Amino acid sequence: MRKYVSPSLLIIFFILSAAGHYAHWPATLQFIISAVAVIFVAGFLGKATESVAHYAGQRLGGFLNATFGNAAELIIGILLVREGLFDMVKASITGSIIGNLLLVLGLSLFAGGLKHKIQRYNISLAGMNGSLMIVAIIALFVPAIFLQTHVLHEEDRTALSLVVAGILIASYLLWLVFSMITHKDYLADVTEAGKGADNGAAAETDSIALATAGGSHELPPAWSKGKSITYLVLATVMVAFVSEWLVGTLDTFTERFGLSEIFVGAFVVAIVGNAAEHSAAILLAMKNKIGASVEIAVGSSLQIALFVAPVLIFVSHLFGRPMDIVFTVIELAAIGVSVFIAKSITQDGQTNWYEGLLLIAVYAILGVSFYLV
Amino acid sequence: MRKYVSPSLLIIFFILSAAGHYAHWPATLQFIISAVAVIFVAGFLGKATESVAHYAGQRLGGFLNATFGNAAELIIGILLVREGLFDMVKASITGSIIGNLLLVLGLSLFAGGLKHKIQRYNISLAGMNGSLMIVAIIALFVPAIFLQTHVLHEEDRTALSLVVAGILIASYLLWLVFSMITHKDYLADVTEAGKGADNGAAAETDSIALATAGGSHELPPAWSKGKSITYLVLATVMVAFVSEWLVGTLDTFTERFGLSEIFVGAFVVAIVGNAAEHSAAILLAMKNKIGASVEIAVGSSLQIALFVAPVLIFVSHLFGRPMDIVFTVIELAAIGVSVFIAKSITQDGQTNWYEGLLLIAVYAILGVSFYLV
Amino acid sequence: MRKYVSPSLLIIFFILSAAGHYAHWPATLQFIISAVAVIFVAGFLGKATESVAHYAGQRLGGFLNATFGNAAELIIGILLVREGLFDMVKASITGSIIGNLLLVLGLSLFAGGLKHKIQRYNISLAGMNGSLMIVAIIALFVPAIFLQTHVLHEEDRTALSLVVAGILIASYLLWLVFSMITHKDYLADVTEAGKGADNGAAAETDSIALATAGGSHELPPAWSKGKSITYLVLATVMVAFVSEWLVGTLDTFTERFGLSEIFVGAFVVAIVGNAAEHSAAILLAMKNKIGASVEIAVGSSLQIALFVAPVLIFVSHLFGRPMDIVFTVIELAAIGVSVFIAKSITQDGQTNWYEGLLLIAVYAILGVSFYLV
């Protein structure tokens with residue numbers, strides 16, 4: 001990851017990629033250009049996020065990054081729902097969740113852990129994240145098991161999906177109230193622990209925070225607050241476009257190499273579509289801002305599960321083609337095992353390179369399984 | 001929840017409710033009177049529990065409350081077993097477990113959390129509770145999975161149920177030895193932590209305990225120790241009676257509104273039958289005695305799973321109509337997800353309003369699913 | 001467990017057991033002699049392990065013990081694979097994992113907990129162990145669920161098994177790098193905590209370590225470092241031989257008492273084959289070296305799941321009879337519940353007698369279920 005992204009190369013590859021997409025250049029050429037463009041815009045996004053995080057604190061910065069990152073996924077999801085491609089939507093939701101929880105988080109922990117022996121972040125946030133993940137998997141698992149053991153009328157099936165989706169959206173909005181307003185300091189980053197005096201967990205990590213702060217001697221970011229935010233929005237939009245252009249070239253590959261739709265949806269789309277989160281999270285982890293990395297990776301998958309997925313269900317009703325909340329058995333299994341290993345690894349608020357590697361190992365097991373099916 | 005329960009209103013509504021039940025008044029009238037009576041007797045029970053807890057300590061008080069609360073459930077269970085209504089028994093056991101773990105605990109954490117930012121209780125107790133919950137779900141899950149994949153003779157099926165039930169009862173009795181005798185101080189309430197000097201976990205929470213103790217300036221309870229215990233027993237008996245009278249009116253509603261037996265067993269009966277635990281646990285949580293709240297909610301569901309349910313299996317053999325330990329898939333799923341989310345939320349020994357809300361969200365998802373089936 | 005093992009009795013019973021095996025004495029006589037011999041050699045192994053642990057530290061000592069203990073299992077496994085007895089191999093792998101996680105760990109915690117109120121060990125190691133267990137169960141669960149819901153070509157089935165096995169072996173080897181090299185002090189025993197100054201978790205347990213060290217006044221071991229290691233190797237080899245001779249007598253019992261192969265594989269073989277781990281782990285727990293006990297029990301089951309089992313899959317290809325990684329539903333259920341309860345109990349780094357008892361209770365439930373099937 002270069003520290004300085006060349007603005008001219010960024011713009012050139014972005015325009016080339018757009019030209020390739022709209023002028024229908026050969027798929028292989030489109031693919032190569034878009035892939036290079038993704039690397040540049042993702043680098044740009046990473047730098048903008050880092051700059052915003054400097055002003056906003058690690059967690060808010062991470063949240064902003066996750067949200068902008070998922071805006072692209074939401075838009076792509078709406079387009080797929082409009083065309084009735086429900087299996088592809090669910091595969092890509094599955095892929096986004098496991099991609100963030102296993103690959104993004106895994107690479108962040110691994111890269112950060114190679115540079116820093118032990119990385120710590122707020123243990124209360126780790127616990128809350130774990131509980132939210134459990135709620136997300138319960139919300140997907142309960143309708144599936146009830147519908148597999150009992151026959152329901154079509155309207156009851158729809159009602160069940162809508163109610164569960166509504167509960168998830170309400171839970172997510174209240175989570176924002178909790179984490180951003182009522183308990184902001186309780187979940188504060190370790191490096192800001194000194195501020196949160198009435199917080200037992202924060203006090204405990206105080207000495208670490210001082211040590212970290214003393215060791216890093218960060219330079220002020222190159223951009224002002226306003227410029228950083230503008231660039232963050234701009235970079236996110238660019239990532240969304242380039243990702244979509246890149247995804248557009250994948251159909252050809254799917255056919256040419258005989259890959260299944262579920263594998264492409266759950267792995268290729270998820271890896272490419274989350275390039276922004278990838279680069280930002282890994283960059284922050286290597287700078288020992290593991291709290292922001294976790295916020296991006298875990299926060300992003302929670303946002304997909306608790307907000308993007310249920311919103312798509314409501315959107316499908318607006319289009320008059322109701323999509324239910326029932327995922328396939330292997331999608332549920334993939335999300336379930338991802339949640340369990342991610343929860344086990346994040347819950348102590350301490351990370352190291354080997355924990356990152358374990359997440360990648362589980363991702364590899366799932367990848368091979370989806371590939372062979 | 002009023003601080004002072006009017007004794008005359010309490011007695012009047014109790015007698016009216018009894019009259020309505022035995023004189024067979026119209027079901028709707030019976031229902032309204034009994035529902036009001038439940039509120040009064042539950043308030044009375046809450047006050048008595050609080051008073052006993054003052055003398056006995058939070059945990060013993062919570063245990064007494066859970067036991068008296070479950071006495072009612074045990075009696076109702078025995079009556080249902082005698083009539084061979086095994087499905088209703090299992091649905092109501094399921095409902096009691098998830099009702100306590102999700103609704104009672106959820107409302108307690110929510111109400112307590114709105115008043116107090118972070119509430120803490122003994123983390124060692126949280127860990128032990130979590131392990132006991134896992135054992136309970138294993139004891140229900142293992143026979144179910146073995147019997148679903150293999151065909152067993154009737155006598156082997158019976159033997160399996162009895163052996164597992166025996167192991168659970170033995171585990172529960174030894175848990176009482178552990179928690180009340182050999183490791184009483186290890187699991188002591190946070191506010192009593194100063195006493196348990198040889199305990200690392202207690203020492204850690206010491207300063208919190210002092211802060212809490214300094215802040216509350218509790219008035220001595222209105223009743224003497226003896227009077228408090230007498231009132232606790234009396235209130236529990238009254239709750240048991242009024243709950244049963246109220247449940248008696250529900251059959252009519254089940255038919256009139258077309259509700260399934262499993263929904264009524266698992267939700268309506270469980271909510272009404274646990275009114276006592278509800279009111280006591282919430283009242284204590286609002287007074288920042290979250291340790292006692294958790295003891296009531298979690299302790300009560302553990303008592304149902306590890307003691308009441310296996311005892312009912314043995315009782316069924318006394319009646320000559322053996323009931324096995326095999327629950328339905330959706331009952332197992334409901335208990336399983338309840339245990340996972342409750343364990344995830346309670347395991348750090350810290351609670352807040354949002355955690356209560358997550359428990360209620362899961363309860364709502366299960367409620368809708370059971371309602372639609 | 002005697003403190004001093006009589007060398008002459010040890011040698012006599014070892015030779016008698018060998019004679020009985022190779023001269024084909026009556027099965028019952030062979031069984032009795034071998035069982036007595038196992039007790040003596042296991043005692044010898046326990047003493048050698050303890051002596052090596054004194055020189056090497058608890059964790060390395062525990063690791064050595066687990067490795068030597070599993071060498072026997074690996075050899076027996078290879079013999080069974082060569083004869084194509086795949087069901088027996090998988091049953092015995094299942095039995096080894098649950099036997100170590102539930103019986104060995106359970107008895108250690110119980111025996112240690114009766115003598116010492118609360119026993120503590122490194123909480124970071126507890127967390128890593130838990131995550132590794134989760135990865136092990138995921139690696140067994142994912143292929144099973146994918147193959148149950150989808151039909152795969154024979155070559156894809158083989159590829160999936162080999163890839164997953166390769167990932168597990170790589171994860172295990174890197175775990176050795178992590179735990180023995182890069183993060184050795186991070187996972188250090190509680191009693192060595194004073195040495196690991198840059199480690200937060202270690203610092204926290206410092207006072208406990210001093211208290212423990214002050215209280216025990218250990219005598220120096222009877223053997224030198226070199227002699228201890230030689231005896232450890234010798235004792236392990238003897239245990240391996242005697243275990244196999246004992247196992248050889250079990251066929252007769254299986255037929256005579258009508259036990260199923262899966263029960264014999266998962267329980268009888270596992271208990272006898274792990275006699276060495278049993279005695280060493282319990283002995284160390286009673287001497288308050290609970291860290292070494294956990295390392296033996298949990299480390300041994302991790303070694304079986306992450307190393308022995310996948311190596312056997314590769315070995316089966318060398319013999320030209322490919323064994324897949326797909327376990328039966330009840331084997332997966334047994335391993336799954338064992339991992340969940342063991343993780344729940346070990347994750348706080350504190351143990352007591354009741355936690356040991358809960359593990360034994362789950363082992364008993366599984367034992368009865370396997371016996372009746």
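Even glycines carry a Cβ here, placed using N, Cα and C.
TrEMBL: automatically predicted annotations, no manual curation.
Taken from TrEMBL, the feature domain 'Sodium/calcium exchanger membrane region' covers B:28-180 (among others).
The domain 'Sodium/calcium exchanger membrane region' feature in TrEMBL is assigned to B:228-366 (among others).
Positions annotated as transmembrane segment by TrEMBL: B:29-48 (among others).
Residues or ranges marked as transmembrane segment in TrEMBL: B:60-81 (among others).
The annotation transmembrane segment is assigned in TrEMBL to B:93-114 (among others).
Remote same-chain partners of the transmembrane segment (B:126-147), defined as residues 6 or more beyond its termini with a Cβ less than 8 Å from a stretch Cβ, comprise 97, 101, 157, 160-161, 164, 167-168, 171, 175, 179, 187, 294, 298-299, 301-302, 305-306, 324-327, 329, 332, 335-336, 339, 342-343, 346-349. Taken from TrEMBL, the feature transmembrane segment covers B:126-147 (among others).
Residues annotated as transmembrane segment in TrEMBL: B:159-178 (among others). Residues of the same chain lying 6 or more positions beyond the ends of the transmembrane segment (B:159-178) and with a Cβ under 8 Å from any Cβ of it are 132, 135-136, 139, 142-143, 146-147, 152, 302-303, 305-307, 309-311, 313-314, 317, 322-326.
Under the heading transmembrane segment, TrEMBL lists B:229-250 (among others).
Under the heading transmembrane segment, TrEMBL lists B:262-284 (among others).
The transmembrane segment annotation in TrEMBL covers B:296-319 (among others).
Annotation comment: TrEMBL describes B:325-342 (among others) as transmembrane segment.
Per TrEMBL, transmembrane segment is recorded for B:354-372 (among others).
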Should the transmembrane segment (B:296-319) and the transmembrane segment (B:93-114) be scored as in contact, given a threshold of at least 3 Cβ pairs under 8 Å and pairs 6 or more apart?
yes
Should anything in the same chain at least six residues away from the transmembrane segment (B:354-372) have a Cβ under 8 Å from its Cβ atoms, list it; otherwise answer none.
98-99, 101-103, 105-113, 259-260, 262-263, 266-267, 330, 334, 337-338, 341-342, 345
Long-range neighbours of the transmembrane segment (B:93-114), counting only residues six or more past its ends (CB under 8 A):
70, 73, 77, 133, 136, 265-267, 269-271, 273-274, 277-278, 281-282, 284-286, 288, 290, 293-294, 296-298, 300-301, 304-305, 308-309, 312, 327, 331, 334-335, 338-339, 341-342, 345-346, 351-360, 362-363, 366
Can you tell me how the residues of the domain 'Sodium/calcium exchanger membrane region' (B:228-366) break down into helix, strand and coil by DSSP?
115 helix, 2 strand, 22 coil
